[in-house]
Amino acid sequence: RLQENRERLSVCSKLCYAVGGAPYQITGCALGFFLQIYLLDVAQLDPFYASIILFVGRAWDAITDPMVGFFISKTSWTRFGRLMPWIIFSTPFAVISYFLIWFVPDISRGQVMWYLVFYCIFQTLVTCFHVPYSALTMFISREQSERDSATAYRMTVEVLGTVLGTAIQGQIVGKVVPPCIESPLFIGKTNSSVAMEELNMTHDTGSLTDIRNAYMIAAGVIGGLYILCAVILSVGVREKRESSELQSDEPVSFFQGLKLVMNHGAYIKLIAGFLFTSLAFMLLEGNFALFCTYTLGFRNEFQNILLAIMLSATLTIPLWQWFLTRFGKKTAVYVGISSAIPFLIMVAVLDSNLIVTYIVAVAAGISVAAAFLLPWSMLPDVIDDFKLQHPDSHGHEAIFFSFYVFFTKFTSGVSLGISTLSLDFAGYQTRGCSQPSEVNFTLKMLVSAVPVGLILLGLLLFKLYPIDEEKRRKNKKALQDLR
């Protein structure tokens, strides 16, 4: 009991730790919801090149996770810790590169390379922040209950971060409606640029310069929040070397550790289950702005609909934390994530109605909260299970977290690239006030049918995950005995 009291974290420490999760979510949410529509309608890139930027950027982001995990495992302990220096030194460069993503360079050629390079640089630097931050969960306390509690704080702040990212980006950008091109006939029916110029009429709702300035203002505000959160994390959290070490720890090389991690059955099954469910929500996130703008016709409301989803998710994080404590984490997965299915079907089947859309958005946010909380709450259980099976191996926390993120990011990059290409094949019109029926049908598939199929597949695979509540309690007791 004395040992548990020494391991308890204060509310202040948990809050400072939780704040560190906000930068990744604020920037990730802004990029996830708005980058696709920004590249297509503001930077005015061809959908094919936009798909290349989105795919390569996400794929590179995925590759950097295990790379950073490798270098972290080789990092020596300092007086600031082993993980904290990565967080501190990557922050200023990440903020600069993030701002440049939302800047439209005045060059006739090379715009594609501009966005691709700075997108990849930012993803590398934010990985240098987020991988050590994720692994920090194992170094703040040895008590499983304290780590779970800190994770709940973190998830609440992270979902709040998505609200901030959506609100800041959406409300600032939403003040300026970008000019669009309207055609009495669908422009996609003709390839003649002369015919397009004769039919098109530009709406003077706001100049292209205004909308570009709005995106840069939003990027500046988000960059300031990124720095503030990094400062609070570094000042308010102490990295405890002994929190993750057992009495019998012996150093094992990175590649030996990687082989051990990838052969750990519980980890592979957890990844397999969450890979598809995470992919479903990422696909929804990437295409929802276009879906609201064109398919539902809510060009001036989509940022508020996104905000409703994120606010609902933030308010229901404590509900899911209570639910998983009361009924177990596996039950929470089945109930929480599957609850999104009827609402995803409803938004595609029903006719466009703003009130119904807001109701669906609030209900879907409840499921989004479960999808946010549960993977990060369950990964520490897998690491504890691994330590019991391999008590002589240590220092692999970053491998567990980074490779989980690697798989989800890589598949999301593939899905975003394919979804943007499919819009190109369907005849997507850059800056169009409306889109051909083929584009609207494709968007319905991307935000409804495909995510529902991925969720069902993920839940089916999750049946194989072996760590239930009884096994968790046994592992906790065995770890205490080892220590």
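Quick reminder: no glycine exception, Cβ is built from N, Cα and C everywhere.
Feature annotation (TrEMBL): of 38-61, 398-421, the stretch labelled transmembrane segment is 398-421. Taking Cβ pairs closer than 8 Å, the transmembrane segment (355-377) reaches residues 134, 137, 148, 151-152, 154-155, 158-159, 162, 270, 274, 277-278, 281, 292, 296, 298, 305-306, 308-314, 316-317, 319-321, 324, 329, 332-333, 335-340, 343-344, 346-347, 404 in its own chain, all 6 or more past its ends. When Cβ distances are compared across the two stretches, the transmembrane segment (214-237) makes no contact with the transmembrane segment (304-324), since fewer than 3 pairs at least 6 residues apart fall below 8 angstroms. Same-chain residues lying 6 or more positions outside the transmembrane segment (398-421) and placing a CB less than 8 Å from one of its CB atoms are 36, 47-48, 50-52, 54-59, 61-63, 65-66, 68-69, 72-73, 83, 130-132, 134-135, 137, 254, 257-258, 261-262, 267, 270-271, 274-275, 278-279, 282-283, 286-287, 375, 379, 382-383, 386, 446.
If you look at the transmembrane segment (83-104), the same-chain residues 6 or more away from its ends with a CB under 8 A from one of its CBs are 20, 23, 27, 31, 35, 38, 42-43, 68, 72, 75, 111, 114-115, 118-119, 121-122, 125-126, 128-129, 131-133, 135-136, 139, 212, 215-216, 218-220, 222-223, 226-227, 230, 233-234, 237, 239, 398.
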